[in-house]
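Peer 1: Okay, handing you the structure first.
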Amino acid sequence: MRPGPPSGAGCCMRLARGGAAASAGALLQRCDFWGRLLKTILMGQFLSLLICGTAVSCQYLVEEEVQTPMLQSFLNYALLLLAYTSILITRKGDGNILQILQTKWWKYLVMGVADVEANYAVVKAYQFTTLTSIQLLDCFVIPVLMLLSWITLKTRYKPVHFVAVMVCLLGVGAMVGADILAGRVQGSYSDVILGDGLVLLSAALYAVSNLCQEHTVKNLSRVEFLGMMGLFGTLISGIQL
């Protein structure tokens, strides 16, 4: 005997199960999104804490008249060299260090110069201006990075992003103006201008480095980027010691 068509109750039950499954899937997707967002925020805050610790340490070194901006960078790159460049050296086949140097050495040289000089400029700035000014002016990296990504990566932004950039630029202008006025009162006008200029130069170079980093990590690998930055960063900063 051939079975007849499903009853109305059976269809309703199947629809209910399908709807429940779709709702559960959507809920899992939302939970996954918020979980990744929370993880990103927490990692960003932890990174900010480390950067803050670096800034305070640099300020203490300047107060103790320890002027070693390039040595501080050299140690960082040397650690990257030991941790990641060694992986590239021992890697066999595609992606080994010889193949990378043969095809992309000049790209990593440019990235290395930008990153090393950015670190040098911002650490050197602590000798001429204040910790607060450096941390605030360092935000100049945001508009520069947006401009570079707009031109090279064809990234497009929403109006709210441009509003945020305008606020950032206004803050930079206000901070530089406040430093100039304070420098006139304290008699250190030229030092303050030099310090702020070094920070702005550092921010522009950081923008170049960050743009190259994003492109490399997304299209190649994190290990390759860190390994080559460790290699070229150690060489460049070592020469400038």
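Just so it is clear, glycine is given a Cβ too, placed from its N, Cα and C backbone atoms.
Just so you know, TrEMBL annotations never went through curation; they're auto-generated.
Keep in mind that what you see is a predicted model, and the values were worked out from it rather than measured.
This is the feature table in TrEMBL:
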type	residues	note
TRANSMEM	40-62	transmembrane segment
TRANSMEM	74-93	transmembrane segment
TRANSMEM	134-153	transmembrane segment
TRANSMEM	160-182	transmembrane segment
TRANSMEM	188-208	transmembrane segment
TRANSMEM	220-239	transmembrane segment
Peer 1: When each of 40-62, 74-93, 134-153, 188-208 is checked against the transmembrane segment (160-182) for Cβ pairs under 8 Å, which one has the most?
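Peer 2: Stretch with the highest Cβ contact count: 134-153.
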Peer 1: For the transmembrane segment (220-239), what are the same-chain contacts with Cβ under 8 Å, counting residues 6+ beyond its ends?
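Peer 2: Long-range Cβ neighbours of the transmembrane segment (220-239): 70, 73-74, 76-88, 95, 97, 100, 104, 108-109, 111-113, 115-116, 120, 213.
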Peer 1: What residues elsewhere in the chain lie close to the transmembrane segment (74-93), defined as a C-beta under 8 angstroms and at least 6 residues from its ends?
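Peer 2: Contacts of the transmembrane segment (74-93) (Cβ under 8 Å, skipping residues fewer than 6 from its ends): 100, 116, 119, 223-224, 226-231, 233-234, 237-238, 241.
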Peer 1: The transmembrane segment (134-153): which same-chain residues, six or more beyond its ends, come within Cβ distance under 8 Å?
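Peer 2: Residues 52, 55, 122, 125-126, 161, 164-165, 168-169, 171-172, 175-176, 195-196, 199-200, 202-204, 206-208, 210-211, 214-215.
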